[in-house]
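Single-structure report; data block below.
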Amino acid sequence: MAAPKVAVVGAGVIGLSTALCIVETCPSCSVTVLADQFSPNTTSDVAAAMLIPHTCPGTPVHVQKQWFKETFTYLFAISNSAEASEAGIHLISGWQVFKNAPKEELPFWSDVVLGFRPMSKAELQKFPQHRFGQAFTTLKCDCPPYLLWLEKRLKATGVQMYTRKVADLWDLHGEYNVVVNCAGIGAHQLVGDEKLFPVRGQVLKVHAPWVKNFIRDGDGLTYIYPGIQRVTLGGTREKGSWSLSPDPGTTKDIFDRCCSLEPSLRGAQDITVKVGLRPSRQCVRLQKEVLRQGGVKLPVVHNYGHGAGGFSIHRGTAKEAARLVAECIAALQGFSSRAKL
Amino acid sequence: MRVAVIGAGVIGLSTALCIHEQYHGLMPSLDVEVYADRYTPHTTSDGAAGLWQPYVSDHGNLREILWNKETFDYLLGFLGSPAAKEMGLFLISGYNLFRQPVPDPSWKNIVLGFRNLTPKELELFPGYSYGWFNTALMLECQSYLPWLTNRLTQRGVKFFHRKVESFQEVFAQGVDVVINCTGMRAGELQPDPELQPGRGQIIKVLAPWVKHFIITHNTESGIYNSPYIIPGSEFTVLGGINQRGNWSEENSVQDRRTIWENCCGLLPALHKAKILQEWSGLRPTRPRVRLERETIHHGHLQAEVIHNYGHGGFGITIHWGCAMAAAELFGSILQERQLGGPPQPRL
């Protein structure tokens, strides 16, 4: 088979990183990215993109840890290179604080991040409403820079990117040999996955450049994540809400909660409000499927449903998806060589 | 009672405030004035990055260790308050890097979360095999000095823009006590061979992705003569120059190259940082801080000087402890003149 043609649907962090992994593992492939939204209008652009994993109940812990470790290692190397500022990857230290004792003293990722340890009494004094805490150093992927950097890497390898709303994966069967579905929350409509649901998150992006450490409440609802130019203040987890409109009452609530963790935020300037719909699922859908219509087959690799933890595992799932794509191509090539007999 | 504070860097302004806060209530006739030929943003303090961190090996000077701690605790108390932003005060974490194991510093329990670096963290810094991580404070003088100035102005303290040529000149005008916070140029008022410049040069860049301070140490070249990177609220300071005996306040092309190459070696992404400005200043270096009383005879009268200078590269770090010690000395002067009543406990 001459240069297998692979279409990646979706241009958020999952689509772009998956496209890049496919290019890396299959240099002979011709990869095209199709999406109705590109940075800065993807769900990924709203996310603070901190490398702190969320547990997916449907995926074995050792797999989640493997994905996280691969992602962390990959980004750690970039953060240490001359490309760090362009890629938007930087180290950040801070605290995760708990009002009540955390379920696990040592989360599965504690030995992947840097310097993980319990907070000292002196450190906890800064958070009078919280009784326990964990201190560590992790990585953050600022978006749009990270997505734009991925796009630049892709273009440099000859990958084409088109704005196109794909209504049905089958529509691509004539032009492409394999389709990779990284449509995120779009998969709900695109493939009719009823198990995929939005968890609405509203965040504020503010100018507060003196905030150098992250602070996260262990309940996952209140967090302060300093990025390169802006600090992301969050947030909400509204299961089942499809609304992309910012809610002013929520804005005030987020701001107040964050100010109670970090009072100096009262002086924050240039507050902008963003909303994203976390593409949530019991577990990431990372699997092959073969679509068939009238004797014609279209292999599909699904890679969506990363919920709140997309950035933390993106590289790991992208690599797995690229392996699945390679399997699809091998199967097609086996089939086509059999067909020649 | 007229008190003249000479010098308007972090030492002068904080000492003036401390004295006024402690004694003006007891003694409404206390009149504090500040005299200086340089005010913010043109003082030595303004050029400092603002990181609270004592030298890594002290000479066992217990008074100085205590003053550092008093300063840290005092500043920490302001952190949650609305004043913090106006003061230029915020928490910052970061790395101290060494080429061989070193003993823990005297300040390890003063800062927050002090620990040794893990092997994985050391991978970030090739050439360094040992190090510390901790959370400390930044106090940016471009904000702190104006904040102190506002507090002083509200209290009715007057400022004079003038170069004082001698203690006598000030006493002749009727000042009773002089607080000598003249930093590097104390030798012009009274020769002090122990006071030497520790010339520093820095490059200010825009590198907002850098969230940690990184300070390297080289036991042979001496403190702050090894690259350091300190991110502030508006720009990041690159430095690593400390030249004993060099009085030049001119930026040196050679030093700029040294700083740039060494800091980019530490953090390759700095190559992309936009350079804003360069600055040179003189750390008022002394084997120990001069913080003591001196009685000066002028005519048939005796006048008092309280010296508070020689804070080297740790002025911000130690300033409030010294201000309180100077205020205590001032209290004894009042006591002796039977104007202040019994000595007040330290607030």
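Quick reminder: no glycine exception, Cβ is built from N, Cα and C everywhere.
According to TrEMBL:
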- B:37-38, B:44-45, B:49-51, B:VAL164, B:THR182, B:312-317: FAD binding site (BINDING)
- B:GLN53, B:HIS217: D-dopa binding site (BINDING)
- B:TYR228, B:ARG283, B:GLY313: D-serine binding site (BINDING)
- B:2-329: domain 'FAD dependent oxidoreductase' (DOMAIN)
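Taking the features listed in TrEMBL, we show where each one sits on the structure.
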residue	record	Cβ neighbours (10 Å)
B:ASP37	FAD binding site	15
B:THR44	FAD binding site	23
B:ALA49	FAD binding site	24
B:LEU51	FAD binding site	22
B:GLN53	D-dopa binding site	26
B:THR182	FAD binding site	27
B:TYR228	D-serine binding site	28
B:GLY313	FAD binding site	19
B:GLY315	FAD binding site	24
B:THR317	FAD binding site	29
Helix, strand or coil: which one is B:TYR228 (D-serine binding site) in, per DSSP?
strand
Closest of B:GLN53, B:HIS217, B:TYR228, B:ARG283 to B:THR44 (FAD binding site), Cα positions, binding-site residues only:
B:ARG283
Whole number in angstrom, please: the longest C-alpha to C-alpha distance across B:TYR228, B:ARG283, B:GLY313 for D-serine.
16
Listing them in sequence order, which of the binding-site residues B:GLN53, B:TYR228, B:ARG283 have their Cα within 10 Å of that of B:THR317 (FAD binding site)?
B:GLN53
How big is the Cα-to-Cα gap, in Å, between B:ASP37 (FAD binding site) and B:GLN53 (D-dopa binding site)?
28
Based on Cα distances to B:THR182 (FAD binding site), point out the closest of the binding-site residues B:GLN53, B:HIS217, B:TYR228, B:ARG283.
B:ARG283
Near B:HIS217 (D-dopa binding site), which residues of its chain come within a Cβ-Cβ distance under 8 Å, counting only those 6 or more away in sequence?
B:VAL56, B:ASN96, B:LEU97, B:PHE98, B:ARG99, B:VAL102, B:ILE223, B:SER226
Taking the domain 'FAD dependent oxidoreductase' (B:2-329) alone, what is its mean pLDDT?
96
Return the residues near B:ARG283 (D-serine binding site), defined as same-chain residues 6+ apart in sequence whose C-beta is under 8 angstroms from its C-beta, sorted by sequence, else 'none'.
B:THR44, B:MET184, B:PRO197, B:GLY198, B:ARG199, B:GLY200, B:TYR224, B:ASN242, B:GLY312, B:GLY313
Whole-number Å value for how far B:GLY315 (FAD binding site) lies from B:GLN53 (D-dopa binding site) (Cα to Cα):
10
Can you tell me the CA-to-CA distance separating B:TYR228 (D-serine binding site) and B:GLY315 (FAD binding site), as a whole number of Å?
17
